[in-house]
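Notes to accompany the following structure.
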Amino acid sequence: MSEVALPAPAASTSPEKPSAGKKAKKPAKAAAAAKKKPAGPSVSELIVQAVSSSKERSGVSLAALKKALAAAGYDVEKNNSRIKLGLKSLVGKGTLVQTKGTGASGSFKLNKKVASVDAKPTATKVATKTKVTSASKKPKKASGAAAAKKSVKTPKKARKSVLTKKSSKSPKKPKAVKPKKVAKSPAKAKAVKPKGAKVKVTKPKTAAKPKKAAPKKK
């Protein structure tokens, strides 16, 4: 009898399952990392705020600090070790001064020198920003004012040139008129003198008339 070929077994889908498992693990790690990162200010910042808000001259005790942190919504019971580490680091940096006790136990105050140094750079930054903004604004106004002054000065120069032209033209007219009048007056005087001379010449003719009556004798 002839042998019948059996159908090949279907390919198993088992290798795909581990990949899905790996993909599922990655979001779990991301969620854990998101949980580890606390939202809001750090423990040291909360401690500094609590110490600065207190009005006690001798300093704030650890119990008072925990109460202030709990009132701010911080979980004191779970983060007790973090509070102690934050206090030690702040004392080591010099931001806090330990007035009583040793380590994390005792009372703490803000270091005034460090607080003043921290406040000065912020004030200087604000002052420099205001100076830069004012300096950037002033040149624009000055340039506009300078342009306006130049535009105002140019017509003055034009007016001055017009006035100088008018003043230079006006004296020429009387100078041209005066010599003409002076020239006419001597001409009239010269014309009068020869008339008088003609009268003197005609006088001897009247003296010769009696000679005609002399030769008549009876």
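Even glycines carry a Cβ here, placed using N, Cα and C.
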Record feature phosphoserine (Swiss-Prot), assigned residue among Ser42, Ser58, Ser107: Ser107
Residue pair Lys88 (N6-(beta-hydroxybutyryl)lysine), Arg57 (citrulline) - Cα distance, angstrom, rounded: 20
Cα distance (Å, whole number) from Lys55 (N6-(beta-hydroxybutyryl)lysine) to Lys67 (N6-(beta-hydroxybutyryl)lysine): 15
The domain 'H15' (39-112) [mean pLDDT, rounded to integer]: 81
Nearest of the modified residues (Ser44, Lys55, Arg57) to Lys93 (N6-(beta-hydroxybutyryl)lysine) - Cα to Cα: Ser44
Structural state census, the domain 'H15' (39-112) (DSSP three-state): 36 helix, 11 strand, 27 coil
